[in-house]
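Engineer: Structure below; questions to follow.
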Amino acid sequence: MPRISFKLSSLPYFEKWFIMGLIIGIISGLGATIFYFSIRFFEYIFLARIVGTNLPRPLGENGSLIYHFYALRFYLIPVVLIAGAAISSFIVQRFAPEAEGHGTDSAIRSFHYNYGKIRRRIPVVKTIASAITIGSGGSAGREGPTAQIAAGLGSFIADLLGLTPRDRRIAVAVGIGSGIGTIFKAPIGGAVLGAEILYRRDMETEVLFPSIVAASVGYSIFASIVGFEPIFGYYLLPFNPLRLPFYATLGLITGLFAIFYVRFFYGTRDFFKRLNLSPYYKPIIGAAFTGIIALFFPEVLSTGYGWVQLLEYGRFNEFVYYGMPLVIFLVFLPFMKVFATSFTVASGGSGGVFAPGIFIGASLGALLGYLVHLGFPYIAPNIAPFVIIGMLSFFGAAGKAPLSVILMVVEMTGSLQLLPGAMLAVAISYIVSGTKYSIYESQVLTRRDSPANMGEFSSPLLKNIIIKDLNIEKIYVEPYDEIYSARELMNYYELYSLPVVQNQKFLGTVYVTDLENARYGPVNDYYVPATSFIRPESNAEAAWELMMKNRTTWCPVVKDGNFIGIVRLKTILDVYKKYLEENPEINKDY
């Protein structure tokens, strides 16, 4: 293995990443296939066998658009949701607490803040937990788990082959793109997504080439098993320029609704964080709320892709709206999906947010398309183009990935006819939603704002930032604190390591990876002794170098031999960005 890792790491960029792209693509294809059929298995157990419900599935997945349910067992929907959440939550909290929530954001955070390191058990835990969540009816998507699964395997392969931390980061991003492109049968969009989704207004160009290789390989493996037809079939209708003003209106609506989605999702996340309950119980409470919604709006269950295709075809007779006017139902539908997704995922459940975004955007498009059809039937003889453009304009705004989402939806519908309208709508929605609101919280604005690229952009400026002027936080564990306390502290502060302190003396660092197989006992048995620290008079460049050396996102601050706290990388970045804003003459050079 040393000979292989030496040869691979020393190869030129294109040769090295062609090989890595092939490896990651094979892993993504196999991982996505296993995950897809795991979801199908748990849907059969929970929804088909127990509840007697068969949700519509898109024709591109060899599914049926017929919705079937057994009225006498319909009340069991909340029961299976709660049961699924309980099982999934136990698996996550027992084996990998960082696998909760939507996996894409965790993978993005790993790229920026943890050198691309993802624990080896994450892909397995995420596969099982997310399959149970989605299979039991949880309102979540396949994209997040698939991204984290593929990214985790990419990180593992990079370590196995002895690649550099920078290469590991690239492998994680390639895993994100290839995983998503594979599960959605959209390899071109997935490849671009891997480079675009890391930032709100930038792109990681180093990721593009290996992502193209990996996504094409992963797609070929996955589609060979489940079929090559686009998920939502083929859109064959011609483009009509008279619809452009309505598409622009749709872009405005989806941009504003994306802000609501993001704010409600993270507001729900913050609400559940404040609850004084074990993390195990929170997804169960969220599932109970989702179950209540699903009794009245069963369309919110699972990914909802079958319902999206029914919207595209205008087959409203398959929907359950209890006699209410169709327009009122279409007004309620996107709100219900936002609520159900937030209760499922933001409470700590394991699942993705891309598929719910597709559903929400499709619902908004169906609403506007239906109204335009009523008023101008000669311009909009059917609502299909509005549904499709609603999908991409909504998630282009919410996910801050307009280019890749356009490509993905084109691949998912097999049509180029809508590109002019799609580009107009997504541009408007992206501008309206701004850069403040993104469903991927760990995205940073540009490459310059990422810790992954700090050495490339920031060293001269870091010398001007003095540690004593920053927020120094008193975060630490003591040697005889229990392991579970350290884990809870890491989860709360979103750290992958903690300082170990006794009697105000800094002793060393305990890493989450060292606690992987530990269940009980004191931290004292697992921390790594260390004596390196910075002083209040040190500058941020010294702090950055120490973080690189210790593989942490913080560094200890010691004054007169006594530990006074830690300064976090996030704190330095915030001050750094403020410094650039206040000194525009420097900003233009960096």
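Every residue gets a Cβ built from N, Cα and C, even glycine.
TrEMBL lists these features:
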TRANSMEM  17-39  transmembrane segment
TRANSMEM  74-96  transmembrane segment
TRANSMEM  170-195  transmembrane segment
TRANSMEM  207-226  transmembrane segment
TRANSMEM  246-266  transmembrane segment
TRANSMEM  287-307  transmembrane segment
TRANSMEM  319-340  transmembrane segment
TRANSMEM  352-372  transmembrane segment
TRANSMEM  378-398  transmembrane segment
TRANSMEM  405-432  transmembrane segment
DOMAIN    527-585  domain 'CBS'
Engineer: Any residues 6+ beyond the ends of the transmembrane segment (405-432) with a Cβ under 8 Å from its own?
Structural biologist: 60, 181, 184-190, 192-193, 229-239, 241, 243-244, 247-248, 250-252, 254-256, 258-259, 385, 388-397, 399
Engineer: Are there residues at least 6 beyond the ends of the transmembrane segment (287-307) whose Cβ is under 8 Å from a Cβ of it, and what are they?
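Structural biologist: Apart from its flanks, the transmembrane segment (287-307) reaches 43, 47, 53, 55-58, 61, 63, 65, 67, 69, 74-75, 77-79, 81-82, 84-86, 134-135, 137-142, 231-232, 319-320, 322, 332-333, 336-337, 339-341, 343-344, 347, 349, 355-356, 358-359.
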Engineer: Could you put numbers on the helix, strand and coil content of the domain 'CBS' (527-585), residue by residue per DSSP?
Structural biologist: 27 helix, 17 strand, 15 coil
Engineer: Can you tell me which parts of the same chain pack against the transmembrane segment (352-372), counting only residues 6+ beyond its ends and a CB-CB cutoff under 8 A?
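Structural biologist: The answer is 102-104, 130, 139-147, 180, 243, 246, 249-250, 253-254, 257, 261, 265, 303-305, 307-308, 311-312, 326-327, 330-331, 333-334, 337-338, 340-341, 345, 379-380, 382-395, 398-399, 439.
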Engineer: Considering only Cβ pairs within less than 8 angstroms, which of the stretches 170-195, 246-266, 378-398 has the most against the transmembrane segment (17-39)?
Structural biologist: 170-195
Engineer: Mind pulling out the one from 170-195, 207-226, 378-398 with the most Cβ pairs under 8 angstroms to the transmembrane segment (246-266)?
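Structural biologist: That would be 378-398.
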Engineer: Should anything in the same chain at least six residues away from the transmembrane segment (170-195) have a Cβ under 8 Å from its Cβ atoms, list it; otherwise answer none.
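Structural biologist: That would be 17, 20-21, 24-25, 27-29, 31-32, 35-36, 60, 104, 107-108, 110-111, 116, 118, 142-143, 146-155, 157-158, 163, 203-208, 210-212, 214-219, 221-223, 226, 228, 230-231, 354, 401, 403-412.
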